[in-house]
Amino acid sequence: MTTPALLPLSGRRIPTLSPGASSFPHHRATLRLSEKFILLLILSAFITLCFGAFFFLPDNSKHKRFDLGLEDVLIPHIDSPKEGKHASGQVIIHGQGAHDEHRHREEEESLRDKIRADHERALQEAKEKLRKSREELQAEIQTEKNKVMEDLKKKDPGPKPLPPVPMPRVVGVSDGEPPEPDVKEKRDKIREMMKHAWDSYRQYGWGHNELKPLAKKGHSTNIFGNSQLGATIVDALDTLYIMGLHEEFKDGQEWIEQNLDFSVNAEVSVFEVNIRFIGGLLATYYLSGQEVFKLKAVQLAEKLLPAFNTPTGIPWAMVNLKSGVGRNWGWASAGSSILAEFGTLHMEFVHLTYLTGSPAYYQKVMHIRKLLAKMDRPNGLYPNYLNPRTGRWGQHHTSVGGLGDSFYEYLLKAWLMSDKTDTEARKTYDDAIEAIERHLVRKSNGGLTFIGEWKNGHLERKMGHLACFAGGMFALGADGSPDDKAGHYLQLGAEIAHTCHESYDRTVLKLGPEAFKFDSGLEAVAVRQNEKYYILRPEVIETYWYMWRFTHDPKYRQWGWEAAQAIDKYCRVSGGFSGVKDVYSSSPTYDDVQQSFFLAETLKYLYLLFSSDDLLPLESWVFNTEAHPLPVLHLGNITLPGSEPAQ
């Protein structure tokens, strides 16, 4: 005797005979059809009955009447003029029972008819569904989904309007034309390079995060997740505005208004999205006054806040914009967060609190500062890794280049952005720089000042391109230095600028490598093949600009022009600008990436280098680490929400 087996059919599991039962094969199709019909009938009846019971059965108040309408409902004896004894010695309510029983029967019959009609209708609908193709069913489901979404949109009042706040004093947002004709000519060339980079992206990579200028198509990296967030558009807009490229700016603004959506299932870098997107949107808002940029910045900022949900309040490196789930990079010292990432939020988050009135942003970054202030620091140095679960340092690696750089920058800039009232930030910066100068700053045998990296008690005599920003930082922080050391730090900035220029000058292409060493007779030269590339980085040119602003020494414009010419000669291709893989090769290969920071930083700093000082004056603007200018907050007696009033 064969036993029934369960086999899948159209998403359901139904009993049918096993393959061995061959004695009545001609019954199988009939059996399946009848079973399917019976099952459908039972299922429809059950669903309809539940539906009817939920919506059509009388409510509690009717239930009380319903109970009295049963055949001579028996109740305990209660003395009342309208009560009489039943033969059983119990009493009934005279007159009401028969009337209520009749009404109940009518209600019951009506309910039965309604359930029967609903059952017939549900059965008919089920039959019609079975006749439809899969495509028709999917189309119906999508229509229902769209209807639900439209209903939700109608009910959703949208984001709360932001409170009105006084606009910070905004000066020097355009023009800046230099009086010297030759300088103006150089500035116009930088503007043309920007237009070529933007037009190429507009033509080949529009809406993508970045551009592959040789392949002439869009490009993205894991820092932006799997989404097309238009990183180049957001990063480049303030540069377009400053350069007076109004049509290009308008195109970018329209894309942001219509397409920039952060409700995507994408895992992004909190640090990169903060400095490029929030920084870029806030800067463009302050420059242009267009509200859309402020609103988009706030929408994105709200999506980043779940990254701070860790045992210590030190944020995860990455967060999913949709789910809010965070995690750290797998390669970062046993799941640690990175100093330059969680330490590079202060400028943007202070402005977010100022613009929204929400204390959350300010409190998050101040919590990080307070936590770091309580921790022991080996030799006064901040290690690059901190575990967000335990609150303990990871491996003892300190760098003013990658992994550490912008943490120190933001301490200084927090003080500057507060109109020099955040003295705690200034003191923290001064202490950190003192330890860096004692342990990391060295002079090579050839007389070049460099900043090495501290690894487990040992100084590695190597400097990264990223660390070249420090020349500008030392110059920017010179005024206000303790013990009248302003001249010392301006000189230190000049020495770093000179060393980084040498790293460019000692290559074939006159473009600097990613990292360069100072030992074995080699100075300011890359040794490893994987450190010989140039990816359109801005840090050296950034330092030239700061040094120009503070000294007006013409060599900084000369060095900047050398770099601009080299970029135009060796990195320019028909589809934009590309990084190169070996700056020591006369015929280098391209990496085929036009980085968004090339438009945000490199070209902006070059343009400012050949502009007059009244374009974005440093007394009124502080640049975030992606070169997005944010205004100094002259708060006066205003206290930021969530902050403690100054004593």
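Here the Cβ of each residue, glycine as well, is placed from N, Cα and C on the backbone.
Automatic prediction, not curation, is the source of TrEMBL annotations.
Summarising the annotation, TrEMBL assigns transmembrane segment to 37-57. If you look up TrEMBL, you'll see 96-115, 143-185 marked as region 'Disordered'. Sequence annotations record features per position, and here TrEMBL assigns compositional bias 'Basic and acidic residues' to 97-115, 143-158. What TrEMBL records for GLU272, GLU514 is active site, proton donor. The feature active site is assigned by TrEMBL to ASP405, GLU539. Marked as disulfide bond by TrEMBL: CYS468-CYS500. Under the heading Ca(2+) binding site, TrEMBL lists THR625.
Taking Cβ-Cβ distances under 8 Å and a sequence gap of 6 or more within the same chain, the neighbours of THR625 (Ca(2+) binding site) are ILE275, GLY279, THR344, ASP405, SER406, GLU409, TYR410. When the recorded positions GLU272, CYS468, CYS500, GLU514 are ranked by how far their Cα is from the Cα of GLU539 (active site), CYS468 comes first. Shown are the disulfide-bonded residues CYS468, CYS500; the one with the most C-beta atoms within 10 angstroms of its own C-beta is CYS468. Across the structure, CYS468 (disulfide bond) and GLU272 (active site, proton donor) place their CA atoms 19 angstrom apart. Each residue contributes its Cα atom, and for CYS500 (disulfide bond) and GLU272 (active site, proton donor) those atoms are 25 Å apart.
In this view, the densest Cβ surroundings among the active-site residues ASP405, GLU514, GLU539 belong to ASP405, judged by other Cβ atoms lying within 10 Å. There are 21 other Cβ atoms within 10 Å of the Cβ belonging to GLU272 (active site, proton donor). Recorded residues GLU272 (active site, proton donor) and GLU514 (active site, proton donor) have their alpha carbons 19 Å apart, per Cα-Cα distance.
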